[in-house]
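Data block below; observations after.
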Amino acid sequence: MFIPIFFILSILFSSTNAADFCVGDLNGPVGPAGYSCKKTVTVNDFVYSGLAATGNTSNLIKAAVTPAFSAQFPGVNGLGISIARLDLAVGGVIPMHTHPGASEVLVVIQGTICAGFISSANKVYFKSLNKGDIMVFPQGLLHFQINAGKTQSLAFVSFSSPDPGLQILDFALFANDLPTDIIEETTFLDAAQIKKLKGVLGGTG
């Protein structure tokens, strides 16, 4: 009888001593598991107001993503969640991209957004979403969002990681120094097209 009671008590005490959270110390080291824990924590560490303002869509893609990841919102460090604001001007687009570290859920707040993803079997899933619609994008798969309406669109996206990571396909191919001849051989684009895209996105080579 003694051993089971001791076992139950040990579980209870170990549970009460477990850390409830690990607010990120942005001045400390960061590794694959996130930031180290901040020693002094206040309620302000669990509140973030950075998503209230409309993002600046005066850019090439006519879109803005305002993140509340662990680097901006240390309270989500270690909790397996984060969120971002997505603003799309008329004609705005979030190009084909992937989040290697998280799945994503998008909810449309305003406007109409055409969103979709491509499975690892190269099957395409896309749909025109309206206010209140939700769509999920599985971890690591290429996906996109386009303003499909005639007014500004707004959405919020949540992630299953405090740091989902990001790789944009166009930038991965054309915004660096990967040689044109290699891109030509691996994408079947001609050199003139590649150099034009490199010129637009700031790539060389």
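Quick reminder: no glycine exception, Cβ is built from N, Cα and C everywhere.
Of the cysteines listed (CYS37, CYS114), TrEMBL assigns CYS37 as the disulfide partner of CYS22. Between the disulfide-bonded residues CYS22, CYS37, CYS22 has the most other Cβ atoms inside 10 Å of its own Cβ, all protein chains included. A separation of roughly 33 Å, to the nearest angstrom, links the Cα atoms of CYS37 (disulfide bond) and HIS143 (Mn(2+) binding site). Counting other Cβ atoms within 10 Å of each Cβ, the binding-site residues HIS97, HIS99, HIS143 show the lowest value at HIS97. Taking the C-alpha positions, the distance from HIS97 (Mn(2+) binding site) to CYS22 (disulfide bond) comes to 29 Å.
If you take the Cα of HIS99 (Mn(2+) binding site) and the Cα of CYS22 (disulfide bond), they are about 23 angstrom apart, rounded to a whole number.
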